[in-house]
Amino acid sequence: MAMNGVRQDNPVVVVHGGAWNIPDQLLEGSKNGAKASARAAYRILKMGGSALDAVVAAVRVLEDDVNFDAGTGSVLNSNGEVEMDAVIMDGKTLNAGGVACVQNIKNPIDLARLVMDKTEHVLLVGKGANQFAEEMGIKEIPVSQLVTEEARREFNCYKQYGNAVEELFGRKKDLSHDTVGAVALDMHGNIAYGMSTGGITAKRPGRVGDSPIVGNGGYADNEVGAVSCTGHGESIIKVCLAHSIISYMEQGMSAQEAAEKGLMKMDQRVNGHGGVIVVGKNGDIGTFFTTPRMTWAWVKDNKLHYGIEDNEDNCEDFE
């Protein structure tokens, strides 16, 4: 049975552009991208639009921004190819749709939405996902339109090292692994989350991270709230991070408390690092990260907040 939310006078959207050691030269672009993403989603929410439409709009902005590892700008796997994952979930019905290892698709979040709306499945992978995209009229684009100079630089940089994942999450933590995501609460009290990623630089072909796996990289439930995670996907999967945070909220923790406990547990249990954004069913917000930096932004009560450093919180009027 669908769970209708409590009507909200003040909709909320929270977005992130990834948790990692974001280099100084990307700071301004990352902040501006997150702000643009949050604005696009909040405009929809202010007009009475759905949380689902809002998170799709937010993620599309980030997929189209070359500063982020999603859509255009996705990192390359060990074969020098782009393989992308995306997901969306409806907190009212608990319906979800995801895709993994898709290629030559400009906006994987759109394909994930179609999986949720047009199939009986939750997750399509690889060739099957691309075949479904063709059936739905989503045209493939040349991979050259997705690959940026920054992605090629990181790929070439990795090739000088011996072991991809160990270097990425050990000594060489400045390589990109910035999943993008959004959580939203609309005026009807409905909640949703959406995510998209190109994964980890130099990952094995066929590797699927936490992002498209419901309960790991994200979760949405009108009875509790929504979560979107970013960071080392294998660690996030091991601790079922998103659903753990939802469970903490069910036990009475605030969005912020649950975010912090979830990431601290992941660090203690599997030495994993990352970041999360959270919105509760009543509109409370949580943002937390254990990486050097995480790009985030949120809008509530016509105020846009954003940051990237620890304890940074800038605020401006929503326009």
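Cβ coordinates are placed from backbone N, Cα and C, and glycine is handled just like the others.
Automated prediction, rather than curation, is the source of TrEMBL annotations.
Going by TrEMBL, these are the annotated features:
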- Thr179: active site, nucleophile (ACT_SITE)
- Arg207, Val208, Gly209, Asp210, Thr230, Gly231, His232, Gly233: substrate binding site (BINDING)
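Feature map: annotations from TrEMBL on the structure.
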residue	record	contacts (Cβ under 8 Å, 6+ apart)
Thr179	active site, nucleophile	His16, Gly18, Asp69, Ala70, Met195, Ser196, Thr197, Gly209, Ser211, Gly217, Cys229, Thr230, Gly231, Gly233
Arg207	substrate binding site	Asn77, Glu83, Cys101, Gly199, Ile200
Val208	substrate binding site	Asp85, Ala100, Cys101, Val125
Asp210	substrate binding site	Asn216, Gly217, Cys229, Gly233, Glu234, Ile236, Ile237, Leu241
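For Gly231 (substrate binding site), other Cβ atoms within 10 Å of its Cβ number 29. Around the Cβ of His232 (substrate binding site), a 10 Å sphere holds 26 further Cβ atoms from the protein chains shown. With every protein chain in view, the residue among the binding-site residues Gly209, Thr230, Gly233 whose Cβ has the most Cβ partners within 10 Å turns out to be Thr230.
Following the DSSP three-state reduction, the secondary structure of Thr230 (substrate binding site) is strand. If you compare every pair of Cα atoms in Arg207, Val208, Gly209, Asp210, Thr230, Gly231, His232, Gly233, the residues listed for substrate, the longest distance is 16 angstrom.
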